[in-house]
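Everything on this sheet refers to the single structure shown next.
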Amino acid sequence: KASVGFKAGVKDYKLTYYTPEYKTLDTDILAAFRVTPQPGVPPEEAGAAVAAESSTGTWTTVWTDGLTTLDRYKGRCYHIEPVPGEDNQYIAYVAYPLDLFEEGSVTNMFTSIVGNVFGFKALRALRLEDLRIPPAYIKTFQGPPHGIQVERDKLNKYGRPLLGCTIKPKLGLSAKNYGRAVYECLRGGLDFTKDDENVNSQPFMRWRDRFVFCAEALYKAQAETGEIKGHYLNAPAGTSEEMMKRAIFARELGVPIVMHDYLTGGFTANTSLAHYCRDNGLLLHIHRAMHAVIDRQKNHGMHFRVLAKALRMSGGDHIHAGXVVGKLEGEREITLGFVDLLRDDYIEKDRSRGIYFTQDXVSMPGVLPVASGGIHVWHMPALTEIFGDDSVLQFGGGTLGHPWGNAPGAVANRVALEACVQARNEGRDLAREGNEIIRAASKWSPELAAACEVWKEIKFEFPAMDTL
């Protein structure tokens, strides 16, 4: 009979899924969840429930459990600790056997780990703070199409951060005028210009027209400056097929870089595009539109460091990473923590920076973090110091808002950057002497002097939301 040895009924998750004696394996995917149980639910039961519902468990005992070796496939909550300074919040550590996940699929990884469990009634709130991805799993992903070193070699740009600018107004320009703005910024000294993430293919500017005029602008600026230039042509569309069509056209135009919104576009589409980009020599710029829907709340959702790790696996050469200064938030230590996760090959566990696990990226190419959002020339010393050479500093309004126009705005940013890099290389302290360095440079650059005057009082200061 089917019922032999099968005891129906509901039993506590913690009897099966809370295993404090478990020794984690090198091949396990490890997760750190911030758990807020409902009143009356013990933390062990809450942690075990998370492990169960994100792996093999369901709410009742089922007889088909007997047809598999549950011990081999179940997630295990192996450690729980209270969050200091928070009432009724715990960090629950969960280990998942590698066999639960399809190779090379961020989509499947997230569907398993965060797909179902966040609506669970026994929890008041749940946040995924960090993941440890084992080398065995990382090796099943291509990762970024090119990575930091290959990008520098392609662009022939070394020893400094790269400069970008988002073309504004983001919506409403015709393709010809849009291309004109691109040309002016690149001609003035920027390395890149960028489609705003909202720009896809709207009635006032269809994608193909924009691609053609931007390519023309780029080649003209290259011919005049002798530098390699790029414009992030935004490829997302209503279907993946249409997105690939746009990427293919970008390659036919011979431009160096395309762009994707990886969260709104989805990980499956993003990984397909990343594979195409590596096969065809295109760089891939990633925007994180929609991230704050997922990562803004301190006690529920998913921290951006997890989304950043996932992007490195799925594939992208640049990703927006907040600014530390400017209008979009990012606490300094926490931001630098996930910036290292994007760029470095080996990152040590460091709870003071929000890094819960040591992560070995086994030589997967790195991703350039992009600092953008409400930044201008006065921020240049801080940005150069905080983000270092391997970054893209992106000034939208901070270029196009220059009183003399786009090209002088670009000149001001380039002069400010070169001055900061030179000062740093001479051993000066950018944090302390930053304003002085910018002032000195503005004496021989009227464009920079005008920019300094316009933005001398602008600040976006609010208390940070993201604390440890």
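Counting starts with 1 at the first residue shown.
Positions of Cβ are set from backbone N, Cα and C atoms, glycine also.
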Out of Ser55, Ser372, Ser391, Swiss-Prot lists as part of the substrate site with Asn116, Thr166, Lys170, Arg288, His320 the residue Ser372
Whole-Å Cα distance, Lys170 (substrate binding site) to Asp196 (Mg(2+) binding site), is 6
When each of the recorded positions Lys7, Lys168, His287, Arg288 is scored by other CB atoms within 10 A, the minimum falls on Lys7
The number of other Cβ atoms within 10 Å of the Cβ of Lys170 (substrate binding site), counted over all protein chains shown, is 13
Within 10 angstroms of the C-beta of Thr166 (substrate binding site), the count of other C-beta atoms across all shown chains comes to 24
The answer, for which of the binding-site residues Asp196, Glu197 has its Cβ ringed by the most other Cβ atoms inside 10 Å, is Glu197
Of the recorded positions Lys168, Arg288, Ser372, the one whose Cα sits nearest to the Cα of Glu197 (Mg(2+) binding site) is Arg288
